[in-house]
Amino acid sequence: MKNEEQARFLFGISLSDLPKWKQFLICSSGFFFGYLVNGVCEEYVYNRLQFSYGWYFTFVQGFVYLFLIYLQGFTPKQMVNPWKTYVKLSAVLMGSHGLTKGSLAFLNYPAQLMFKSTKVLPVMVMGAFIPGLRRKYPAHEYISAILLVVGLILFTLADAQTSPNFSVVGVVMVTGALVMDSFLGNLQEAIFTLNPETTQMEMLFCSTVVGLPFLIPPMVLTGELFKAWNSCSQHLYVYGVLVFEAMATFIGQVSVLSLIAIFGAATTAMVTTARKAVTLLLSYLIFTKPLTEQHGTGLLLIAMGITLKLLPMPVDSKPGYKRVSSSVASEETRNGPEVEGRNNNLV
C-alpha cells in the first residue's frame with residue numbers, strides 16, 4: 001500500500017505492512033476456510049436434509065452477519081460513503097445469494113458449483129464497463145478464463161449424467177445468479193477504488209442492511225417464508241447449522257472483500273474458482289459420488305486455466321491491467337464534489 005488511506009486490516013491483522021504475497025496468502029486462507037465450511041453445510045442442508053429455502057436462509061444469515069459486525073465494533077458513524085452508494089450493490093448481492101441457494105433445490109451441489117465458477121468471464125467483461133474501473137486484460141488471461149469455462153462445462157455435462165438432481169429450472173436460477181455476480185465484484189471494486197477509506201466491514205454492513213428488504217418480496221410471493229418457518233420450527237437444529245455456516249461465511253466474506261480491495265475483482269474471481277475446485281473434490285469424497293473420465297478431463301482443463309492465470313504477466317501488458325492508481329483515487333477523494341459525482345454513477 002502506498003498511502004495510509006488504503007490501509008487494510010483483516011480481523012486485527014494489518015495487511016498494509018505485509019508484502020503482497022503474504023497479503024494474498026492470508027486473505028485467500030480466510031476465504032478458503034470460510035467457504036469450504038459453507039460448501040459442506042450447504043450440501044448437508046439442501047441435498048441431505050432436503051431443505052430448499054434459499055431466500056429464507058439468506059435472510060436469516062444476514063442477521064447473523066449484522067451481529068458479528070457489531071461484535072467487531074463497527075457502527076454506522078464510521079461510514080465514509082452515503083447509503084445510496086450501496087443500493088445497487090445490495091440488490092445484486094442478495095439476488096445472487098438467494099438464487100444461488102435456491103438453485104440447490106434443482107441442482108446437486110457440484111453442478112451448481114461448476115456453473116457459478118464460470119463467473120470469471122462475465123466479471124472480466126463487465127469490468128470494462130463499470131465506471132471507475134474500465135479494466136483491460138492481456139490475452140493470456142482471457143485464454144485462462146476460456147479454459148476454465150470449458151472445463152467447467154465438461155464437468156457439468158458429466159454431472160448431469162451421473163446425478164439424479166439436475167433441472168433446467170436450476171440452470172436458469174444459477175444463470176441469473178451469474179449475471180448478478182458479474183456486476184457484484186466490479187461494483188465492490190469500484191467503491192474501494194473511488195474511496196480507498198472504505199473498509200470491508202462498512203461494505204458488508206451496508207450491503208446487508210440495505211439488501212435484507214430486497215429478500216422479503218420473493219419470500220412472500222413464492223410462499224417460501226411460511227413454508228420455511230414451519231419446516232425449521234419442526235427441526236430447530238437447522239438454525240444451528242445456518243448460524244455455524246454464517247459464522248464461517250462471514251470470515252470468507254471479509255477475506256474476499258480484502259482480496260477485491262487489494263487485488264481486484266478478476267483476480268478474486270480466479271481465487272474463488274480455485275476454492276470451488278477444492279470444495280468440489282471434497283463434495284465427491286465426503287458424499288461418495290461417482291467420478292467419470294469426463295469429470296477428470298474437466299478438472300484438468302480447470303487446472304490448466306488456473307495455472308495459466310498464475311503465470312507472470314509480460315511487463316508491457318501490465319499498464320492496461322491496473323486499476324485506477326491509489327494516488328489518483330486519493331486525489332479524487334480530496335476533491336469532494338467530483339467524487340460524489342462519480343459515486344452517483346454506481347447508484
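Cβ coordinates are placed from backbone N, Cα and C, and glycine is handled just like the others.
Annotation source TrEMBL lists transmembrane segment at 21-41, 53-74, 113-130, 142-160, 166-187, 199-216, 236-266. Annotation comment: TrEMBL describes 319-347 as region 'Disordered'. Summarising the annotation, TrEMBL assigns compositional bias 'Basic and acidic residues' to 331-341.
Residues of the same chain lying 6 or more positions beyond the ends of the transmembrane segment (166-187) and with a Cβ under 8 Å from any Cβ of it are 88-89, 92-93, 95-96, 99-100, 102-108, 111-112, 115-116, 118-119, 122-123, 125-127, 130, 133, 159-160, 260, 265-266, 268-269, 346. Beyond the ends of the transmembrane segment (53-74), by six or more residues, the same chain brings 11, 45, 94, 97-105, 199, 201-202, 204-205, 208-209, 211-212, 215-216, 218-219, 222, 224-225, 227-229, 231-232, 239, 242-243, 245-247, 249-250, 253 to within a C-beta distance below 8 angstroms of the stretch. Cβ atoms under 8 Å from those of the transmembrane segment (21-41) belong to residues 8, 10-11, 13, 15, 109, 113, 241-242, 244-245, 248-256, 258-259, 262-263, 271-272, 275, 278-279, 282-283, 286 of the same chain, restricted to positions at least 6 beyond its ends.
Remote same-chain partners of the transmembrane segment (236-266), defined as residues 6 or more beyond its termini with a Cβ less than 8 Å from a stretch Cβ, comprise 8, 10-11, 15, 20, 23-24, 26-35, 37-38, 41-42, 44-45, 49, 51, 57, 60-61, 64-65, 68, 120, 123-124, 127, 135, 137, 141, 185-186, 188-189, 192, 198, 200-201, 203-204, 272, 323.
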